[in-house]
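One structure below.
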């Protein structure tokens, strides 16, 4: 039955993440994410650096999840963590981010499935729709509506509405096939690749692509070399590649089930991300070694790359592996959507009718249909590149909020008692844990009489968190977040002015840096929670 599962809920609200293999979800991102990043106007060959930066960021975010899982004894997700720490408003925002990520993930997989299948049959589907149903809204919608992707998502929505679940055996077979194909791609790519494609000059780019219409502009190839679009392109690509490492939160929220979570959870996060990084690095390196970055096919890059090096039969092997990975992941990305909607509706943050469960199938029929229709429309109207960028934005926001919640939660006095789920710790915990909690609660209750002073910002009167110190951390964290946002905005939009030495913008950056350092120092000086944890960053 759908409601009230006795087990811990995962990031999507499901009973367990174990049924959705981490590598299965990573395998389809190998097919999707390198498409927009390795091509022109982002990273080129330096996509391997993008994946490295994204992997390091993901490890740090994963460790934040691990500490949150240790602080909140009940396993949960970014939605639950936000609800416990910063209240309903941010939980509502985080929940919508999760819903959006799953919907866009479904749409991007469907779009990638459609383009891969279309490439196998010679591009007849795209040619027909491009000639008869072109949208003519460049940079807004896709070049043509993808009816195939629309039908695919609606079909699977209908299956899920009747309670049809993914076959574990088929999932394992498809994952095994994709592992073999990925290994073949990496080995063959390094065998057939040419290192000169990582050091092409701008003239080489112009000479090779002079007959192609889309490369008539000088900026299409960048400056050549390993980093053709500079450090800005690497950072832009890293932000997109960050989505490729989504899924480690499933590991971080299994603290209740792990025998030694302080050791096993961080190691599991690092190992899983390392394996994924090796796969992403290998495939991206092979792709950019076989084909110049400015000639990477945006619809089906890997099969087209083998065609370019003269291994025509291999393109079909790679295409079949791609379809296996995409097929396995399509249901995996659709299945959690109604569960997150169900959880939010249960808490009263969404319409109550979305909380209804069908009597026969035991599934939230309305939530499944609504989420499926929205995902189908996204696959129908939007380009794959835009969908990947949207996914990355939502994921970065959710993970940034979790890191912020960890920072706030470290300095709160009585927050463990804010959730009914967390009362189980006091009921079932050891005597030592009960004494720690009662001592903290008593001291924090006395702190109601504590008054604010400038001295308390740097020299707090107590060595345990109080309501005053907790409020100071709340405000300081907000100031730090706003300052970072403003500083990033200036660096993104006024970089040329800063390089020219514009006094106004330089002074603004210095002031923002000063505020950032001051806010960080205030947070650092406040007393931390004395609660003993199984894991702490």
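Sequential numbering from 1, following the chain as shown.
Note that Cβ sites are derived from N, Cα and C of the backbone, with glycine treated the same way.
Keep in mind that TrEMBL annotations are predicted by a computer and have not been checked by a curator.
Database features (TrEMBL):
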| type | residues | note |
| --- | --- | --- |
| TRANSMEM | 46-66 | transmembrane segment |
| TRANSMEM | 78-104 | transmembrane segment |
| TRANSMEM | 147-164 | transmembrane segment |
| TRANSMEM | 173-191 | transmembrane segment |
| TRANSMEM | 234-255 | transmembrane segment |
| TRANSMEM | 267-296 | transmembrane segment |
| TRANSMEM | 316-342 | transmembrane segment |
| TRANSMEM | 363-382 | transmembrane segment |
| TRANSMEM | 388-409 | transmembrane segment |
| TRANSMEM | 472-492 | transmembrane segment |
| TRANSMEM | 504-524 | transmembrane segment |
Q: Report, as numbers and ranges, every residue of the chain located at least six residues beyond the transmembrane segment (472-492) whose Cβ falls under 8 Å of a Cβ in that stretch; write 'none' if there are none.
A: 404, 407-408, 411-412, 452, 456-457, 498, 505, 508-509, 512-513, 515-516, 519-520, 522-523, 526
Q: Please check if the transmembrane segment (316-342) comes into contact with the transmembrane segment (363-382), where contact means 3 or more CB pairs closer than 8 Å and the residues in each pair are separated by 6 or more positions.
A: yes
Q.
Using Cβ atoms and a strict cutoff of less than 8 Å, what residues sit near the transmembrane segment (173-191) while being 6 or more residues removed from its termini?
A. 21, 23-24, 27, 30, 279, 282-283, 285-287, 289-290, 302, 305-306, 311, 314, 317-318, 320-322, 324-325, 327-328
(Q) Assess whether the transmembrane segment (78-104) lies in contact with the transmembrane segment (388-409), where contact requires at least three Cβ pairs under 8 Å among residues 6 or more apart in sequence. (A) yes
Q: With a Cβ cut-off under 8 Å, give me the same-chain residues at least six positions beyond the ends of the transmembrane segment (363-382) that come close to it.
A: 2, 99, 102-104, 106-108, 110-111, 114, 135, 141-142, 145-147, 149-150, 152-154, 156-157, 160-161, 163, 334, 337-339, 341-342, 345, 353-357
Q.
Are there residues at least six beyond either end of the transmembrane segment (147-164) with Cβ under 8 Å to its Cβ atoms? List them, or say none.
A. 106-107, 110-111, 113-114, 117-118, 125, 129, 133, 330-331, 334-335, 338, 361-363, 365, 368-369, 371-373, 375-377, 379-380
